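A short write-up of the structure that comes next.
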Amino acid sequence: RECRSESKKFVGLCVSDTNCASVCLTERFPGGKCDGYRRCFCTKDC
């Protein structure tokens, strides 16, 4: 199962999953993706 948490450090509109994921790495998440509302969500297995 995958858990999602909105990124605390990501600024601006999320248009690149890669950008989002690299910010999430600094928040101790293994990855991240943009959602439909252009926000960055960090993901991890839970």
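The backbone N, Cα and C atoms fix where each Cβ goes, and this holds for glycine too.
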Candidates C42, C46; Swiss-Prot says the disulfide mate of C3 is C46
Among C40, C42, Swiss-Prot lists the disulphide partner of C24 as C42
CA-CA within 10 A of C20 (disulfide bond), subset of disulfide-bonded residues C3, C14, C34, C46 in residue order, equals C14, C34
The disulfide-bonded residues listed are C3, C24, C40, C46; by CA-CA distance, the one closest to C14 (disulfide bond) is C40
Ordered by sequence, the long-range same-chain Cβ contacts of C24 (disulfide bond) under 8 Å (at least 6 apart) are S7, F10, P30, G31, G32, C40, C42, T43
Quick note, C34 (disulfide bond) and C3 (disulfide bond): C-alpha atoms separated, nearest Å, by 14
Taking all protein chains shown into account, the Cβ-based neighbour count within 10 Å for C20 (disulfide bond) is 23
